[in-house]
């Protein structure tokens, strides 16, 4: 499979996990997903009262500078780790 196909499959599989991952695991996946699909963060940091938006922004911002290909590979690895941990 191509890296893009692996990524697309992993993104679909993560939605089917039997148990919801922890918030930290979800933030890690979110940051890698956005870096894979959009690239470096391109939006303003949300206000401090938007806790969920700020957490997502921080997760994505931590991946800044990572190439889309490396982010895809890291996302697939993390997804496989979560599938092993939580099952489909």
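The backbone N, Cα and C atoms fix where each Cβ goes, and this holds for glycine too.
Among the features that Swiss-Prot reports, domain 'ACB' is placed at 3-88. Here Swiss-Prot flags 15, 30, 31, 32, 33, 34, 52, 56, 75 as acyl-CoA binding site.
Sequence features, as recorded in Swiss-Prot, placed on the structure.
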| residue | record | Cβ contacts under 8 Å, 6 or more apart |
| --- | --- | --- |
| 15 | acyl-CoA binding site | none |
| 31 | acyl-CoA binding site | 59, 60, 61, 62, 63 |
| 33 | acyl-CoA binding site | 11, 75 |
| 52 | acyl-CoA binding site | none |
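Take the CB of residue 75 (acyl-CoA binding site) and look out to 10 A: across all protein chains shown you find 26 other CB atoms. Secondary structure at residue 15 (acyl-CoA binding site), as computed by DSSP, is coil. For the domain 'ACB' (3-88), DSSP puts the residue distribution at 57 helix, 0 strand, 29 coil.
Summarised as a single figure, the pLDDT of the domain 'ACB' (3-88) averages 96.
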